[in-house]
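Colleague: Pulled from Swiss-Prot, these are the listed features:
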COMPBIAS  7-33  compositional bias 'Polar residues'
DOMAIN    71-424  domain 'IF rod'
DOMAIN    457-574  domain 'LTD'
REGION    1-33  region 'Disordered'
REGION    1-74  region 'Head'
REGION    75-106  region 'Coil 1A'
REGION    107-120  region 'Linker 1'
REGION    121-258  region 'Coil 1B'
REGION    259-276  region 'Linker 12'
REGION    277-424  region 'Coil 2'
REGION    425-578  region 'Tail'
């Protein structure tokens, strides 16, 4: 039996065990005492773990089991000693004198032992009461925490609703951008058709220009022909003038002959007559010549002027048309260049709008995943707190049951020691045994009360990321860690990044990426602990610093960049639930 001064209670908060109480009743008859029922209480403990350990670890569970085994042995020893006392009383019935001496020893030893048991159970009751109070405080704190988490959940729901509204607005904006894009595409098609029409017009103008150039060449050839004809006519005029001069010289020669003949004529009348006739003939010839020359000169000058005027007019008109066509061609060229530049600008704007649309879609998907992950994490935390509250309630009920059982056992021991109005206690029983030798025995049936229970553990995971790189998967046994680049076309340099893994807030394991390591878009990298995989960069890396990343009930895996900023996290927690039947 333990010393009551050095006894320490083994009751702690949130014990992870179930109590099975076996109660057996034996009747030990005593001389001249009638029927006496002695209730011996034996405690056994059963604990079936569905998965994992309690949050307090295997060490706490082992300590609780050892304490309960020690208490069970102490109670069993107490029951055995009580039985030996009764046997000794029966043996001392035949030897009254010897029994008197032994009775004094037994009374001293028995009274001391029962006093120790009483002190121990009172300490157990006090400890259990304190544990119940602490559990109640923990329950109140858990309720407050649940209220805070509910507020956070409401805030996240509001943010999610705002995100949904923003998503709807983004969809409207996307629709507007699609309408604008359609209008731009229609305008581009219209401009392409206009450019085609203008190119056809340019081709037509080029043909017309070629035709006008050919016409100009033809007119120039005609002008050359007319010039040659004019020169020919001028040559003809010169020839005619020479003929006239020749005829004039002939006429003058003939006139001189006539004058000579007239000079030979001696009569004045004949000379006057011939002279007059000659003058008249000369005058007529000169007048006729002047008329002929004037007519030819006027006709030639008028015809030349008309032809020159027609050629000049036609040339001016053709030059004006050519200049007009050139201006038109220049205008069309400038318009085509302007349309091409506008087409290039619209094409660039179209590409920019498509890029913005794609970025908005990616951002919308990332925001939606982030909000869904945050809501899932908060729901998981709420469920976990509710499960912990339920487990606390179950443990509180177990403590209350334990307290009631201990109260019942104390009442039994008090009744065994003190007795009641109808029955005698052990003290009176021993006194009567000394004075009588009659022994009556009666055996009652044994009763048993079993409390069965089962512990079930639940593991929850929580992930978060502040960029494109996230922790996709972590082995619960600590064999590997998988990272993923969620971006579709952007590479992520992970040179000198650190992957830290904290085990139950104590042990810390750090893996550092190579300085030139790059994680490609939509790719994963699997990092094995030493001895668990073969290196195959860049898809598979091996951590040579340890043969495991560690395992435990509360594990944090955190990814830091080369500046020490936290970029991604992965939380693993285990919660235990106790069920009784």
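Using N, Cα and C of the backbone, Cβ positions are placed for all residues, glycine too.
What does the local environment look like for each feature on the list?
Modeller: The average pLDDT computed over the region 'Linker 1' (107-120) stands at 63.
With DSSP states grouped into helix (H, G, I), strand (E, B) and coil, the region 'Coil 2' (277-424) comes out at 142 helix, 2 strand, 4 coil.
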Colleague: Just give the helix, strand and coil counts over the domain 'LTD' (457-574), going by DSSP.
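Modeller: Grouping H, G, I as helix and E, B as strand yields 0 helix, 64 strand, 54 coil.
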Colleague: What does the DSSP secondary structure composition of the region 'Coil 1B' (121-258) look like, as residue counts for helix, strand and coil?
Modeller: 138 helix, 0 strand, 0 coil
